[in-house]
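Step one of this worksheet: look at the structure below.
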Amino acid sequence: MKPRLLLHTCCAPCSGYLVSALADNFEVTVYYNNPNIYPLEEYQARQKEVKDFFTKIGVEFVEAEYDHQQWQEVTKGLANEPEGGKRCVLCYHLRLKNSAHYAKNRNYDFFASTMSISPHKNSQILNNLGRALAKKIGIEFLAEDWKKKDRFKKAMEFSRAQGFYRQNYCGCEFSVLNKV
């Protein structure tokens, strides 16, 4: 029997290819927990794309309650932080913490996140946060820099082939001002 992996995902373009790659070694559940995404319509567009794709291919999909107020409380006073700064680190921490607790409470063997596939995300910070939370909460974290080995490129090719909705900003109300 394969170990169970709870894979936090931010969007379909970042997760579609990775789940296919991980499915050989893990029983994957996709976990959509993104209280940072703003506005609600954007959250819903990303959620629908993730849910529709994974439901279609028979991968379990779980959605956390959308709690943007929780994210606002965690990042309060950090509106002027640059992308990738302290606000982002706290955002990563919140989503990884929520994922770790969900995984631990439901007896998953591992948790991980697709966030490190993005060239805009610091995988060292993400992996350090994941490892620290894993140790504190008592569950294994699958630490990986998913963008290595051309996986970001492969993920984007997969995304285009699937016709996924592709957003042009990270997700929060501050990143929408700095669209990529």
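Placement of Cβ uses the backbone N, Cα and C atoms for every residue, glycine included.
Since this is a predicted model, take the numbers as computed values, not measurements.
Classification of CYS88 ([4Fe-4S] cluster binding site) by DSSP places it within a helix. The Cβ of CYS88 ([4Fe-4S] cluster binding site) lies under 8 Å from the Cβ of GLU81, CYS170, each of which sits 6+ residues away along the same chain. Summarising the annotation, TrEMBL assigns [4Fe-4S] cluster binding site to CYS10, CYS11, CYS88, CYS91.
Residues or ranges marked as disulfide bond in TrEMBL: CYS170-CYS172. If you draw a 10 Å sphere around the CB of CYS170 (disulfide bond), it holds 23 other CB atoms from the protein chains shown.
In the three-state DSSP classification, CYS170 (disulfide bond) falls within coil. A Cα-Cα distance of 12 Å separates CYS10 ([4Fe-4S] cluster binding site) from CYS172 (disulfide bond). When the Cα atoms are compared, CYS11 ([4Fe-4S] cluster binding site) and CYS172 (disulfide bond) turn out to be 13 Å apart. Within 8 Å of the centroid defined by the CB atoms of CYS10, CYS11, CYS88, CYS91, the record's [4Fe-4S] cluster site, lie the Cβ atoms of ASN34, ASN36, ILE37, TYR92, ARG95, MET115, SER118, LYS121, CYS170, GLY171, CYS172, excluding the listed residues themselves.
Between the alpha carbons (Cα) of CYS172 (disulfide bond) and CYS91 ([4Fe-4S] cluster binding site) lies a span of roughly 10 Å.
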